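Undergrad: I have a structure here, written as C-alpha coordinates, and I will follow up with some questions on it.
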Amino acid sequence: MSQGKDRVVLAYSGGLDTSVAIGWIQEQTGQEVIAVAVDVGQGGEDLQVIRQRALDCGAVEAYVVDARDEFANDYLVPAIKANSMYQGRYPLVSALSRPLISKHLVKAARQFGGSTVAHGCTGKGNDQVRFEVSITSIAPDLKCIAPVRDLALTRDVAIDYANKHSLPIETTKHNPFSIDQNVWGRAIETGFLEDIWNAPTKDVYNYTDDPTYPPLPDEVEITFEQGVPVALDGQKKSVLEIVQELNRRAGAQGIGRIDIVEDRLVGIKSREIYEAPAAIVLINAHEELENVTLEREQARFKKRVDLRWGELVYDGQWFSPLKQSLDAFVDSTQLYVSGTVRMTLHGGRAVVTGRKSDTSLYDFNLATYETGDTFDQSHSRGFIEIYGLSAKQAAARDARFGRGLQL
Ligand code: ARG
(Lines of atoms letter the chains of each structure in order from A and count residues from 1; the text may use other names and numbers.)
(Lines give C-alpha, C1' and ligand atoms only; values in the text may rest on other atoms or scores of the structure.)
Protein backbone atom coordinates (compact mmCIF):
# COMPACT_ATOMS: atom_id res chain seq x y z
CA MET A 1 0.00 0.00 0.00
CA SER A 2 2.34 2.75 -1.16
CA GLN A 3 -0.29 5.48 -1.42
CA GLY A 4 -1.16 4.65 2.20
CA LYS A 5 1.62 6.90 3.42
CA ASP A 6 -0.44 10.02 2.70
CA ARG A 7 -3.73 8.95 4.14
CA VAL A 8 -5.45 10.43 7.15
CA VAL A 9 -7.79 8.35 9.32
CA LEU A 10 -10.57 10.55 10.75
CA ALA A 11 -12.73 9.81 13.80
CA TYR A 12 -16.09 10.47 12.15
CA SER A 13 -19.33 11.13 14.06
CA GLY A 14 -21.59 11.87 11.10
CA GLY A 15 -22.17 15.44 12.34
CA LEU A 16 -21.38 18.79 10.72
CA ASP A 17 -17.81 19.32 11.96
CA THR A 18 -16.39 15.94 11.05
CA SER A 19 -18.32 15.82 7.75
CA VAL A 20 -16.68 19.08 6.71
CA ALA A 21 -13.33 17.87 8.11
CA ILE A 22 -13.20 15.18 5.39
CA GLY A 23 -12.88 17.72 2.57
CA TRP A 24 -11.08 20.29 4.71
CA ILE A 25 -8.25 17.90 5.60
CA GLN A 26 -7.87 16.91 1.94
CA GLU A 27 -7.66 20.59 0.89
CA GLN A 28 -5.31 21.64 3.67
CA THR A 29 -2.94 18.66 3.66
CA GLY A 30 -3.37 17.09 0.23
CA GLN A 31 -4.01 13.73 1.86
CA GLU A 32 -6.88 11.32 1.30
CA VAL A 33 -9.27 10.72 4.19
CA ILE A 34 -10.55 7.44 5.61
CA ALA A 35 -13.59 7.95 7.87
CA VAL A 36 -14.04 5.76 10.94
CA ALA A 37 -17.33 5.60 12.87
CA VAL A 38 -17.50 3.54 16.06
CA ASP A 39 -20.81 2.64 17.70
CA VAL A 40 -20.37 2.76 21.49
CA GLY A 41 -24.12 2.98 22.08
CA GLN A 42 -24.48 6.70 21.38
CA GLY A 43 -27.80 6.03 19.62
CA GLY A 44 -28.89 8.19 16.71
CA GLU A 45 -28.33 7.23 13.12
CA ASP A 46 -27.69 3.83 11.60
CA LEU A 47 -24.01 3.04 10.98
CA GLN A 48 -24.66 2.39 7.27
CA VAL A 49 -26.25 5.84 6.89
CA ILE A 50 -23.20 7.40 8.54
CA ARG A 51 -20.90 5.33 6.33
CA GLN A 52 -22.64 6.52 3.16
CA ARG A 53 -22.51 10.16 4.31
CA ALA A 54 -18.75 9.88 4.86
CA LEU A 55 -18.34 8.59 1.31
CA ASP A 56 -20.66 11.31 -0.04
CA CYS A 57 -18.54 13.93 1.74
CA GLY A 58 -15.46 12.65 -0.07
CA ALA A 59 -13.90 9.97 2.12
CA VAL A 60 -11.96 7.37 0.07
CA GLU A 61 -12.87 4.64 2.54
CA ALA A 62 -15.33 4.39 5.41
CA TYR A 63 -14.84 1.94 8.27
CA VAL A 64 -17.81 1.45 10.60
CA VAL A 65 -17.95 -0.88 13.56
CA ASP A 66 -20.55 -1.85 16.15
CA ALA A 67 -18.25 -1.90 19.18
CA ARG A 68 -20.97 -1.91 21.85
CA ASP A 69 -20.20 -5.35 23.27
CA GLU A 70 -16.48 -4.69 23.12
CA PHE A 71 -17.06 -1.41 24.96
CA ALA A 72 -19.12 -3.16 27.64
CA ASN A 73 -16.82 -6.17 28.14
CA ASP A 74 -13.38 -4.58 27.80
CA TYR A 75 -13.92 -1.01 29.02
CA LEU A 76 -16.99 -0.86 31.27
CA VAL A 77 -16.16 -4.08 33.14
CA PRO A 78 -12.72 -2.79 34.26
CA ALA A 79 -14.43 0.47 35.27
CA ILE A 80 -16.94 -1.45 37.39
CA LYS A 81 -14.18 -3.56 38.98
CA ALA A 82 -12.33 -0.34 39.88
CA ASN A 83 -15.54 1.41 41.08
CA SER A 84 -14.36 4.26 38.91
CA MET A 85 -15.66 7.72 39.82
CA TYR A 86 -13.51 10.73 38.95
CA GLN A 87 -13.63 13.27 41.79
CA GLY A 88 -15.93 10.82 43.54
CA ARG A 89 -18.84 11.63 41.22
CA TYR A 90 -18.17 11.17 37.49
CA PRO A 91 -18.21 7.59 36.14
CA LEU A 92 -15.86 8.46 33.23
CA VAL A 93 -18.45 8.25 30.46
CA SER A 94 -16.42 9.98 27.70
CA ALA A 95 -13.05 9.00 29.13
CA LEU A 96 -13.84 5.28 28.69
CA SER A 97 -14.92 5.52 25.05
CA ARG A 98 -11.87 7.38 23.74
CA PRO A 99 -9.33 4.55 24.08
CA LEU A 100 -11.71 2.13 22.33
CA ILE A 101 -12.34 4.57 19.47
CA SER A 102 -8.57 5.14 19.29
CA LYS A 103 -7.99 1.40 18.97
CA HIS A 104 -10.33 1.23 15.97
CA LEU A 105 -8.72 4.31 14.42
CA VAL A 106 -5.36 2.54 14.59
CA LYS A 107 -6.90 -0.65 13.17
CA ALA A 108 -8.29 1.33 10.22
CA ALA A 109 -4.95 3.08 9.72
CA ARG A 110 -3.27 -0.34 9.47
CA GLN A 111 -5.97 -1.81 7.25
CA PHE A 112 -6.17 1.07 4.77
CA GLY A 113 -2.67 2.45 5.09
CA GLY A 114 -2.85 5.70 7.04
CA SER A 115 0.02 7.57 8.65
CA THR A 116 -1.98 10.25 10.48
CA VAL A 117 -5.05 10.11 12.72
CA ALA A 118 -7.46 13.06 12.98
CA HIS A 119 -10.22 13.81 15.48
CA GLY A 120 -12.80 16.57 15.88
CA CYS A 121 -11.84 17.82 19.35
CA THR A 122 -11.02 21.40 20.26
CA GLY A 123 -7.76 22.39 21.93
CA LYS A 124 -9.33 23.01 25.35
CA GLY A 125 -10.62 19.65 26.52
CA ASN A 126 -9.60 16.26 27.79
CA ASP A 127 -10.69 14.31 24.74
CA GLN A 128 -7.90 15.60 22.45
CA VAL A 129 -5.42 14.31 25.04
CA ARG A 130 -7.19 10.95 25.40
CA PHE A 131 -7.26 10.36 21.62
CA GLU A 132 -3.69 11.38 20.93
CA VAL A 133 -2.09 9.74 23.96
CA SER A 134 -4.08 6.52 23.31
CA ILE A 135 -3.17 6.47 19.61
CA THR A 136 0.53 7.02 20.14
CA SER A 137 0.55 4.54 23.04
CA ILE A 138 -0.75 1.84 20.68
CA ALA A 139 1.07 2.98 17.55
CA PRO A 140 4.06 5.27 18.24
CA ASP A 141 4.64 5.72 14.49
CA LEU A 142 1.32 7.51 13.84
CA LYS A 143 0.91 11.29 13.79
CA CYS A 144 -2.17 13.11 15.08
CA ILE A 145 -3.99 16.22 13.90
CA ALA A 146 -7.14 17.99 15.07
CA PRO A 147 -8.64 20.16 12.27
CA VAL A 148 -10.60 22.37 14.69
CA ARG A 149 -7.45 23.03 16.70
CA ASP A 150 -4.69 22.79 14.07
CA LEU A 151 -6.33 23.68 10.73
CA ALA A 152 -8.60 26.59 11.78
CA LEU A 153 -11.84 24.69 11.14
CA THR A 154 -14.19 26.90 13.16
CA ARG A 155 -17.96 26.43 13.32
CA ASP A 156 -18.59 29.35 10.90
CA VAL A 157 -16.05 28.01 8.43
CA ALA A 158 -17.71 24.58 8.66
CA ILE A 159 -21.19 25.98 7.93
CA ASP A 160 -19.91 28.00 4.93
CA TYR A 161 -17.96 25.02 3.62
CA ALA A 162 -20.92 22.64 3.92
CA ASN A 163 -23.24 25.10 2.13
CA LYS A 164 -20.72 25.91 -0.61
CA HIS A 165 -20.05 22.23 -1.35
CA SER A 166 -23.71 21.18 -0.78
CA LEU A 167 -22.64 18.50 1.68
CA PRO A 168 -25.48 16.14 2.70
CA ILE A 169 -25.57 17.50 6.27
CA GLU A 170 -27.84 19.86 8.23
CA THR A 171 -26.17 23.23 8.91
CA THR A 172 -29.08 25.15 10.43
CA LYS A 173 -29.83 23.01 13.48
CA HIS A 174 -28.08 24.64 16.41
CA ASN A 175 -27.81 22.69 19.64
CA PRO A 176 -27.20 25.00 22.61
CA PHE A 177 -25.16 22.27 24.32
CA SER A 178 -22.11 20.19 23.55
CA ILE A 179 -23.10 16.57 24.15
CA ASP A 180 -21.17 13.32 24.22
CA GLN A 181 -23.07 10.12 24.89
CA ASN A 182 -22.66 6.37 24.88
CA VAL A 183 -24.18 3.36 26.60
CA TRP A 184 -22.42 4.28 29.90
CA GLY A 185 -24.00 7.74 30.05
CA ARG A 186 -24.35 11.22 28.68
CA ALA A 187 -22.21 14.34 29.18
CA ILE A 188 -23.68 17.81 28.59
CA GLU A 189 -21.75 21.08 28.69
CA THR A 190 -21.61 24.69 27.41
CA GLY A 191 -24.47 27.11 26.75
CA PHE A 192 -26.14 28.58 29.83
CA LEU A 193 -24.53 25.81 31.95
CA GLU A 194 -21.25 27.77 31.73
CA ASP A 195 -22.70 30.06 34.43
CA ILE A 196 -22.19 27.66 37.30
CA TRP A 197 -24.99 29.25 39.32
CA ASN A 198 -27.56 28.34 36.62
CA ALA A 199 -29.55 25.22 37.44
CA PRO A 200 -29.96 22.70 34.62
CA THR A 201 -33.31 22.90 32.85
CA LYS A 202 -35.46 19.89 31.91
CA ASP A 203 -34.27 19.86 28.27
CA VAL A 204 -30.70 19.06 29.39
CA TYR A 205 -31.73 15.52 30.30
CA ASN A 206 -32.46 12.60 28.04
CA TYR A 207 -31.43 9.30 29.72
CA THR A 208 -33.30 10.09 32.96
CA ASP A 209 -36.82 11.14 33.95
CA ASP A 210 -37.43 13.74 36.66
CA PRO A 211 -36.84 11.98 40.01
CA THR A 212 -39.32 14.32 41.73
CA TYR A 213 -42.27 12.39 40.32
CA PRO A 214 -41.08 8.78 40.21
CA PRO A 215 -43.08 5.71 39.31
CA LEU A 216 -43.49 2.97 41.96
CA PRO A 217 -40.25 1.60 43.47
CA ASP A 218 -38.42 -0.95 41.32
CA GLU A 219 -36.54 -3.78 43.05
CA VAL A 220 -33.63 -5.33 41.17
CA GLU A 221 -31.19 -8.16 41.95
CA ILE A 222 -27.78 -7.86 40.31
CA THR A 223 -25.50 -10.91 40.22
CA PHE A 224 -21.73 -10.63 39.81
CA GLU A 225 -19.11 -13.29 39.08
CA GLN A 226 -15.58 -12.22 39.99
CA GLY A 227 -16.55 -8.58 39.73
CA VAL A 228 -18.37 -8.92 36.40
CA PRO A 229 -22.16 -8.35 36.27
CA VAL A 230 -23.68 -11.53 34.78
CA ALA A 231 -27.40 -11.54 35.62
CA LEU A 232 -30.38 -9.33 36.47
CA ASP A 233 -33.19 -10.75 38.60
CA GLY A 234 -31.70 -14.21 38.15
CA GLN A 235 -31.68 -13.98 34.32
CA LYS A 236 -28.28 -14.42 32.65
CA LYS A 237 -27.47 -11.50 30.36
CA SER A 238 -24.50 -9.97 28.57
CA VAL A 239 -22.86 -6.95 30.22
CA LEU A 240 -24.23 -4.76 27.42
CA GLU A 241 -27.78 -6.05 28.01
CA ILE A 242 -27.44 -5.46 31.77
CA VAL A 243 -26.24 -1.89 31.21
CA GLN A 244 -29.03 -1.20 28.72
CA GLU A 245 -31.75 -2.62 30.98
CA LEU A 246 -30.47 -0.72 34.03
CA ASN A 247 -30.32 2.49 32.01
CA ARG A 248 -34.03 2.04 31.27
CA ARG A 249 -35.09 1.02 34.79
CA ALA A 250 -32.88 3.37 36.80
CA GLY A 251 -33.37 6.15 34.23
CA ALA A 252 -37.14 5.93 34.77
CA GLN A 253 -36.48 6.59 38.47
CA GLY A 254 -34.27 9.61 37.72
CA ILE A 255 -31.15 7.89 39.07
CA GLY A 256 -27.69 9.03 37.95
CA ARG A 257 -28.06 12.79 37.42
CA ILE A 258 -24.77 14.50 38.26
CA ASP A 259 -23.99 18.24 38.27
CA ILE A 260 -20.31 18.94 38.90
CA VAL A 261 -17.52 21.45 38.39
CA GLU A 262 -14.60 19.20 37.51
CA ASP A 263 -10.87 19.59 37.03
CA ARG A 264 -9.84 18.98 33.44
CA LEU A 265 -6.36 17.71 32.72
CA VAL A 266 -5.56 20.92 30.79
CA GLY A 267 -5.99 22.97 33.97
CA ILE A 268 -9.46 24.38 33.35
CA LYS A 269 -12.35 23.89 35.77
CA SER A 270 -15.48 23.07 33.80
CA ARG A 271 -19.12 22.55 34.67
CA GLU A 272 -20.62 19.34 33.39
CA ILE A 273 -23.98 17.64 33.71
CA TYR A 274 -23.97 13.86 33.44
CA GLU A 275 -26.65 11.21 33.31
CA ALA A 276 -25.39 7.72 34.05
CA PRO A 277 -28.19 5.58 35.51
CA ALA A 278 -26.72 2.11 34.95
CA ALA A 279 -23.23 3.22 35.97
CA ILE A 280 -24.42 4.52 39.33
CA VAL A 281 -26.44 1.37 40.05
CA LEU A 282 -23.72 -1.08 38.99
CA ILE A 283 -20.87 0.67 40.78
CA ASN A 284 -22.88 0.97 44.00
CA ALA A 285 -23.88 -2.70 43.85
CA HIS A 286 -20.32 -3.81 43.06
CA GLU A 287 -18.85 -1.72 45.88
CA GLU A 288 -21.27 -3.27 48.37
CA LEU A 289 -20.40 -6.77 47.19
CA GLU A 290 -16.73 -5.90 47.76
CA ASN A 291 -17.63 -4.79 51.29
CA VAL A 292 -18.91 -8.31 51.88
CA THR A 293 -16.17 -10.27 50.12
CA LEU A 294 -12.86 -8.37 50.32
CA GLU A 295 -10.49 -8.77 53.26
CA ARG A 296 -10.23 -5.48 55.18
CA GLU A 297 -6.64 -4.49 54.31
CA GLN A 298 -7.07 -5.45 50.66
CA ALA A 299 -10.30 -3.41 50.57
CA ARG A 300 -8.66 -0.36 52.15
CA PHE A 301 -5.71 -0.44 49.81
CA LYS A 302 -7.95 -1.03 46.80
CA LYS A 303 -9.77 2.26 47.48
CA ARG A 304 -6.51 4.09 46.77
CA VAL A 305 -5.88 2.04 43.65
CA ASP A 306 -9.44 2.72 42.46
CA LEU A 307 -8.89 6.45 42.90
CA ARG A 308 -5.63 6.43 40.94
CA TRP A 309 -7.12 4.17 38.27
CA GLY A 310 -9.92 6.70 37.72
CA GLU A 311 -7.49 9.61 37.52
CA LEU A 312 -5.31 7.80 34.98
CA VAL A 313 -8.30 6.95 32.80
CA TYR A 314 -9.65 10.51 33.07
CA ASP A 315 -6.20 11.80 32.08
CA GLY A 316 -6.03 9.66 28.92
CA GLN A 317 -3.59 7.02 30.22
CA TRP A 318 -5.73 3.94 29.43
CA PHE A 319 -2.89 2.13 27.62
CA SER A 320 -0.12 3.31 29.96
CA PRO A 321 2.15 0.95 31.90
CA LEU A 322 0.88 2.14 35.30
CA LYS A 323 -2.76 1.69 34.31
CA GLN A 324 -1.96 -1.84 33.09
CA SER A 325 -0.26 -2.68 36.39
CA LEU A 326 -3.21 -1.31 38.36
CA ASP A 327 -5.54 -3.44 36.21
CA ALA A 328 -3.57 -6.50 37.27
CA PHE A 329 -3.95 -5.53 40.94
CA VAL A 330 -7.67 -4.84 40.58
CA ASP A 331 -8.22 -8.15 38.76
CA SER A 332 -6.40 -10.01 41.53
CA THR A 333 -8.84 -8.58 44.09
CA GLN A 334 -11.93 -9.80 42.22
CA LEU A 335 -11.42 -13.55 42.76
CA TYR A 336 -14.16 -13.75 45.43
CA VAL A 337 -16.31 -10.78 44.35
CA SER A 338 -19.20 -13.05 43.38
CA GLY A 339 -22.78 -12.95 44.61
CA THR A 340 -26.02 -11.02 44.38
CA VAL A 341 -26.95 -7.53 45.56
CA ARG A 342 -30.59 -6.46 45.89
CA MET A 343 -31.40 -2.78 45.37
CA THR A 344 -34.47 -0.61 45.45
CA LEU A 345 -34.52 1.98 42.67
CA HIS A 346 -36.74 4.90 43.53
CA GLY A 347 -36.96 8.67 43.25
CA GLY A 348 -33.38 9.33 42.15
CA ARG A 349 -31.77 6.87 44.53
CA ALA A 350 -30.45 3.33 44.24
CA VAL A 351 -30.37 1.81 47.73
CA VAL A 352 -28.89 -1.57 48.62
CA THR A 353 -31.31 -3.64 50.73
CA GLY A 354 -29.64 -7.06 50.72
CA ARG A 355 -26.60 -9.05 49.66
CA LYS A 356 -25.73 -12.75 49.44
CA SER A 357 -22.52 -14.51 48.43
CA ASP A 358 -21.03 -18.00 48.71
CA THR A 359 -17.63 -16.31 49.07
CA SER A 360 -18.74 -13.84 51.74
CA LEU A 361 -16.44 -12.97 54.65
CA TYR A 362 -19.42 -11.86 56.72
CA ASP A 363 -19.72 -14.34 59.61
CA PHE A 364 -23.09 -14.17 61.35
CA ASN A 365 -21.75 -16.00 64.42
CA LEU A 366 -18.92 -13.49 64.82
CA ALA A 367 -21.13 -10.46 64.25
CA THR A 368 -24.23 -11.40 66.23
CA TYR A 369 -25.18 -9.94 69.63
CA GLU A 370 -27.59 -12.85 70.11
CA THR A 371 -26.72 -16.17 71.74
CA GLY A 372 -24.45 -18.38 69.65
CA ASP A 373 -21.84 -15.60 69.48
CA THR A 374 -18.40 -17.14 68.75
CA PHE A 375 -16.36 -13.95 69.26
CA ASP A 376 -14.42 -14.08 72.58
CA GLN A 377 -14.90 -10.54 73.92
CA SER A 378 -12.30 -11.05 76.67
CA HIS A 379 -9.55 -10.78 74.02
CA SER A 380 -10.54 -7.21 73.19
CA ARG A 381 -9.22 -5.80 76.48
CA GLY A 382 -5.63 -6.83 75.75
CA PHE A 383 -5.93 -5.88 72.10
CA ILE A 384 -7.00 -2.31 72.94
CA GLU A 385 -4.28 -2.01 75.61
CA ILE A 386 -1.53 -2.70 73.10
CA TYR A 387 -3.18 -1.03 70.11
CA GLY A 388 -3.54 2.26 72.05
CA LEU A 389 -0.15 2.10 73.75
CA SER A 390 1.89 4.35 71.46
CA ALA A 391 -0.72 7.17 71.50
CA LYS A 392 -0.99 6.81 75.29
CA GLN A 393 2.80 7.20 75.68
CA ALA A 394 2.76 10.31 73.48
CA ALA A 395 -0.11 11.83 75.49
CA ALA A 396 1.79 11.27 78.72
CA ARG A 397 4.82 13.12 77.27
CA ASP A 398 2.57 16.01 76.14
CA ALA A 399 1.28 16.24 79.71
CA ARG A 400 4.84 16.35 81.09
CA PHE A 401 5.64 19.31 78.83
CA GLY A 402 2.36 21.11 79.57
CA ARG A 403 1.00 20.44 76.07
CA GLY A 404 -1.87 18.15 77.00
CA LEU A 405 -5.22 18.77 75.29
CA GLN A 406 -6.89 21.77 77.00
CA LEU A 407 -10.27 20.69 78.35
N1 ARG B 1 -15.82 16.54 30.80
C2 ARG B 1 -16.05 15.18 30.45
C3 ARG B 1 -14.77 14.42 30.27
O4 ARG B 1 -13.75 15.03 30.13
C5 ARG B 1 -16.94 15.03 29.25
C6 ARG B 1 -16.44 15.57 27.96
C7 ARG B 1 -17.35 15.19 26.84
N8 ARG B 1 -17.77 16.22 25.97
C9 ARG B 1 -18.89 16.96 26.05
N10 ARG B 1 -19.22 17.62 25.02
N11 ARG B 1 -19.65 17.04 27.10
O12 ARG B 1 -14.75 13.23 30.28
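Including glycine, each Cβ sits where the backbone N, Cα and C put it.
Predicted automatically and left uncurated, TrEMBL annotations should be read as such.
On a predicted model such as this, the values are computed, not experimentally measured, just so you know.
Here's the feature list from TrEMBL:
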| type | residues | note |
| --- | --- | --- |
| DOMAIN | 7-168 | domain 'Arginosuccinate synthase-like N-terminal' |
| BINDING | Ala11, Tyr12, Ser13, Gly14, Gly15, Leu16, Asp17, Thr18, Ser19, Gly120 | ATP binding site |
| BINDING | Tyr90, Asn126, Arg130, Ser178, Glu262, Tyr274 | L-citrulline binding site |
| BINDING | Thr122, Asn126, Asp127 | L-aspartate binding site |
| DOMAIN | 177-393 | domain 'Arginosuccinate synthase C-terminal' |
Undergrad: In the structure shown, which of the binding-site residues Asp17, Asp127, Glu262 has the fewest other Cβ atoms within 10 Å?
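TA: Among the binding-site residues Asp17, Asp127, Glu262, the sparsest Cβ neighbourhood within 10 Å belongs to Glu262.
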Undergrad: Taking DSSP as the reference, which of helix, strand or coil describes Arg130 (L-citrulline binding site)?
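TA: In three-state terms, Arg130 (L-citrulline binding site) counts as helix.
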Undergrad: Counting Cβ atoms within 10 Å across all protein chains shown, which of the binding-site residues Ser13, Ser19, Thr122, Asn126, Ser178 comes out on top?
TA: Ser19
Undergrad: Round to a whole number and give the Cα-to-Cα distance in Å for the pair Asn126 (L-citrulline binding site) and Ser13 (ATP binding site).
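TA: Distance between the two Cα atoms comes out at 18 Å.
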Undergrad: So for Ala11 (ATP binding site), how many other CB atoms are inside 10 Å of its CB?
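TA: That number is 25.
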Undergrad: Just to be sure I understand the contacts, which binding-site residues have a Cβ under 6 angstroms from any atom of ligand 1? Candidates are Gly15, Thr122, Asn126, Arg130, Ser178.
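TA: Correct list: Asn126, Ser178.
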Undergrad: Count the Cβ atoms, other than its own, that fall within 10 Å of the Cβ of Tyr90 (L-citrulline binding site), considering every protein chain shown.
TA: 22
Undergrad: For Ser19 (ATP binding site), which of the binding-site residues Tyr90, Asp127, Arg130, Tyr274 has the nearest Cα in space?
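TA: Checked the binding-site residues Tyr90, Asp127, Arg130, Tyr274; minimum Cα distance to Ser19 (ATP binding site) goes to Asp127.
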Undergrad: Determine the minimum-neighbour residue: among Gly15, Arg130, Tyr274, listed as binding-site residues, which Cβ has the fewest other Cβ atoms within 10 angstroms?
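TA: So among Gly15, Arg130, Tyr274, the binding-site residues given, the one with the fewest Cβ atoms within 10 Å is Gly15.
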Undergrad: Taking the centroid of the Cβ atoms of Ala11, Tyr12, Ser13, Gly14, Gly15, Leu16, Asp17, Thr18, Ser19, Gly120 (ATP site), which other same-chain residues have Cβ within 8 Å of it?
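TA: Near the ATP site, the remaining chain residues are Ala21.
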Undergrad: Give the sequence-ordered set of same-chain residues, not counting Thr122, Asn126, Asp127, with Cβ within 8 Å of the centre of the Cβ atoms defining the L-aspartate site.
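TA: Checked against the 8 Å cutoff, the neighbours are Cys121, Lys124, Gly125, Gln128, Val129, Arg130, Arg264.
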Undergrad: Return only the integer: C-alpha distance in Å from Glu262 (L-citrulline binding site) to Asp127 (L-aspartate binding site).
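TA: For Glu262 (L-citrulline binding site) versus Asp127 (L-aspartate binding site), the Cα atoms are 14 Å apart.
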Undergrad: Rounded to a whole number, what is the top Cα to Cα distance in Å among the residues the record ties to L-citrulline, namely Tyr90, Asn126, Arg130, Ser178, Glu262, Tyr274?
TA: 19
Undergrad: Out of Tyr90, Asp127, Arg130, Ser178, Tyr274, the binding-site residues in the record, which is closest to Asp17 (ATP binding site) when you go by Cα distance?
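TA: So, spelling it out, the nearest of the binding-site residues is Ser178.
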Undergrad: If you average per-residue pLDDT over the domain 'Arginosuccinate synthase-like N-terminal' (7-168), what number do you get?
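TA: On average, pLDDT over the domain 'Arginosuccinate synthase-like N-terminal' (7-168) sits at 97.
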